[in-house]
Amino acid sequence: MQDNQMNLADQKRKTVETVELTEDGRYKRKVRSFTLRTGRFSGYQRNMMNNHWGEFGLDFQESLFDFKAIFGNDNPVILEIGFGMGKSLVEMAIANPDKNYIGIEVHTPGVGACIALAVEKGVKNLRVICHDAVEILNYCIPNESLSGLQLFFPDPWHKARHHKRRIVQPAFLTLVLSKLKQGAFVHFATDWENYAEHMLEVLQAEKGLTNTSATNDYIPRPDFRPLTKFEERGHRLGHGVWDLYFTKI
Ligand SMILES: C[S@@+](CC[C@H](N)C(=O)[O-])C[C@H]1O[C@@H](n2cnc3c(N)ncnc32)[C@H](O)[C@@H]1O
């Protein structure tokens, strides 16, 4: 393994957000939906990320991605934000070979674990990004290019004074909507009721979306959404789960 490859995974940990400076040169503090956890980054995860970044990794860039060039086909592209360790994302990519998946995660051990699983399973229709998803949406995703956006168990930021850090906000949804094709879906899931209510409120306020729920609120967990790692933990703790599934008009 070359030295520059050795450094890639560790470098990524430090570059998940682009630094913006104020006019007088000071660091511009932004409200982010994540804190960078210092969880264990195993040698295996690091090596898988270093050795297979060329096949699976996409780097942040200040220009739009060309999905056809990336995947070599015109298949629908589904974007998942915050895939954690990537188990459910890899399962979905395997179950839907006629779709392309892009997963975004800032937690490098998760990125390494996801790549490792994708390599093990021989997945071809998946790319991963290690960067703040809001910046990726703003800079890299062309307007009206996605067939779906999925966000499973985003950090709930329980305390009221932290609610501003929740990724689902009206401005976030407007940004997401601009990236979706007509008929594309938005699929959110959470195990935190108060966040589910907030998600529903934000989604319902968006006139460009229609709710697929028969009861005009939540849907039962669809079979096509595999259980996620975080959700399995929630089940053990006796948490409920709320799925929200809207489509763009
Ligand atoms: C609670 S975990 C859930 C992970 C996974 N979806 C699951 O259900 O097991 C939320 C994940 O979102 C990631 N995350 C939060 N904000 C993000 C952002 N702006 N861009 C990319 N990833 C983000 C966190 O690093 C974390 O791994």
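Glycine too: its Cβ is placed from the backbone N, Cα and C atoms.
Curation plays no part in TrEMBL annotations; they are all automatic predictions.
Per TrEMBL, S-adenosyl-L-methionine binding site is recorded for E80, E105, D132, D155. In sequence order, L89, M92, Y101, I102, G103, I104, L149, Q150, L151, F152 constitute the residues six or more apart from E80 (S-adenosyl-L-methionine binding site) in its chain with CB-CB distances below 8 Å. The secondary structure of E80 (S-adenosyl-L-methionine binding site), as reduced to three states from DSSP, is extended strand.
For K159, D191, T228, K229, F230, E231, the entry in TrEMBL reads substrate binding site. According to DSSP, K159 (substrate binding site) is assigned to coil rather than to any helix or strand. Neighbour density for K159 (substrate binding site): within 10 A of its CB lie 8 other CB atoms from the protein chains shown.
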Listed in sequence order, residues with CB under 8 A of T228 (substrate binding site) and six or more positions away: G84, K87, S88, F152, F153, A189
In sequence order, those binding-site residues of E80, K159, D191 whose CB lies under 6 Å from ligand 1: none
Listed in sequence order, residues with CB under 8 A of D191 (substrate binding site) and six or more positions away: F153, F230, E231, G234, H239, G240, V241, W242
Other CB atoms within 10 A, centred on K229 (substrate binding site): 17
Intrachain C-beta neighbours of D155 (S-adenosyl-L-methionine binding site), sequence separation six or more, cut-off 8 angstroms: S33, F34, G82, R165, R166, I167
